[in-house]
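Quick notes on the structure that follows.
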Amino acid sequence: MSENIFIDEAIITVFGGKGGDGVVSFRREKFVPKGGPDGGDGGDGGNVIIVSSIEKNTLTDFRYKKKFRAENGKNGQGKKMHGKNGENLIIKVPVGTLVYDYETNELIADLKYPNQYVVVARGGKGGRGNIHFVNSKVQAPTIAEKGVEGETRILKLELKVLADVGIIGFPNVGKSTLISVISNAKPKIANYHFTTLIPNLGVVNMGDGNSFVVADIPGLVPGAHEGVGLGDRFLKHVERCYCLVHIVDISESEGRKAEDDYYVIREELEKFSPELAKKLEIIAANKADLLDEEELNKRILNLEKKLNKKIIPISAATKMNINKLLNEVWENIRNMRIDRQKEILMSLKNAPEKIKLNVKPVDIEVPKKVRFEIIKWDEGIYEITGRDVEILLKKYPIDQKDARIKILEILEKSGLEKTLKNLGVKEGDTVYLGNFAFEYME
Ligand SMILES: Nc1nc2c(ncn2[C@@H]2O[C@H](COP(=O)(O)OP(=O)(O)OP(=O)(O)O)[C@@H](O)[C@H]2O)c(=O)[nH]1
Ligand SMILES: [Mg+2]
């Protein structure tokens, strides 16, 4: 298998589209000197959506492309024309991808089945055009809202490579040899510990179009759950497997007892992942070729008694009982797989194209009363600032006359005049608001 299969993490940034701006416009008709306002609303920004797809197997798509932007909403236009909404951006990821918020580490979605989807960044709301600002006092409003910025989020994608079967066991017991014999994997095999550093994956062909994926999980040693060896890092590759094949060295070629090895590995497994430890386990006693028949039978019976479990003697070297082992594995996963596929088929009915997203665009709520601060920069020069003020400036373009009036009205209601007076602002002083300078008048 290519090394790509192990790219199981990616960090990407997603941007919801910005809402289009509302527009200030007036009807132009022949012989009508001053038409009414007809500025339309901006469209909403598109959302970024992540969808699990059976077309994808890895996260390699994200190795180079790391920024994903949904389309912005178009600005409104005259003649009450609404700007077009931005298109959603759909990012396809493999089934089995976990989506985390990179900054908070919060799990946003666990995309277990095909066509599950999650909105990861909402678009911003389009601004309203000047037709919305007519009232009894203002017949020709020169004010329209700006579109709101979409959400930005940094995500961590994590793919658990989906193996159907995990091969576990002490180092050097023959895990890689077994996977090389039963599957298309071509792992390194050698007579020392930690030959395998990252999991090998292979496809086992059972004929009749039946196949399953095995993973050889290396590095499980005493203390693995505390970070000794590498094994705990790899167990996630088999967290969703149907069953485990646990290999022991029945020849005890390294002087350790098979039963001790068995318990050590079980303990690590249970400490790292109780969930995984609950899976069905098939025990295979490898290197049977190194013992004569009588000794082998004796040891197998003995081990079966001690563990109180059935054990299949095998030899990855001579292929003894390999088919027996495979049939046993296949028999067990077949039924579980049918159940899982039923679930998958159910979820396929919810193809995202057919689903209407029920997502509200991001909006900025303009407070009725705002909090502000006045900074005195110099004699006669002041600035109005604060978070609420920034929100106001984001919503209403200060270069539009009526927008300016609206902003000042809101500030006025919030006690601007009084605050300025208290600070000793005098007639003719300069007061900045955003990039606009006013001359102060009582
Ligand atoms: N005689 C005999 N030797 C075997 C058998 N299976 C594996 N071996 C040998 O045991 C040694 C270790 O085999 P590997 O398949 O590399 O073992 P592993 O469990 O993958 O080891 P690590 O990757 O280090 O965890 C190699 O020298 C193999 O040739 C077997 O059935 N019989
Ligand atoms: Mg190995």
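Glycine residues also receive a Cβ, built from the backbone N, Cα and C atoms like all the rest.
If you look up TrEMBL, you'll see 169-176, 194-198, 216-219, 286-289, 315-317 marked as GTP binding site. According to TrEMBL, the feature Mg(2+) binding site maps to Ser176, Thr196. Look at TrEMBL and you will find 4-162 tagged as domain 'Obg'. Feature annotation from TrEMBL assigns domain 'OBG-type G' to 163-334. Per TrEMBL, domain 'OCT' is recorded for 364-442.
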Within 10 angstroms of the C-beta of Thr196 (Mg(2+) binding site), what count of other C-beta atoms is obtained when all protein chains are considered?
22
Counting every protein chain present, what is the number of Cβ atoms, excluding its own, within 10 Å of the Cβ of Asn172 (GTP binding site)?
20
Ser176 (Mg(2+) binding site): which of the binding-site residues Ile198, Pro218, Lys287, Ser315 have a C-alpha within 10 angstroms of it?
Pro218
Around Ser315 (GTP binding site), how many other CB atoms lie within 10 A of its CB?
24
Cα-Cα separation of Lys175 (GTP binding site) and Thr196 (Mg(2+) binding site), in Å?
9
Within 10 angstroms of Thr196 (Mg(2+) binding site), Cα basis - binding-site residues out of Gly169, Lys287, Ser315:
none
Mean pLDDT for the domain 'OCT' (364-442), as a whole number?
91
Residues among the binding-site residues Gly169, Asn172, Ser176, Thr195, Ile198, Lys287 that border ligand 2 - Cβ under 6 angstroms, in sequence order:
Ser176, Thr195
Can you check which residue among the binding-site residues Ser176, Thr195 has the largest number of Cβ atoms within 10 Å of its own?
Ser176
Let's see if you can do this one: DSSP helix, strand and coil counts over the domain 'OCT' (364-442), in that order.
29 helix, 19 strand, 31 coil
DSSP-derived structure type at Pro218 (GTP binding site), helix or strand or else coil:
coil
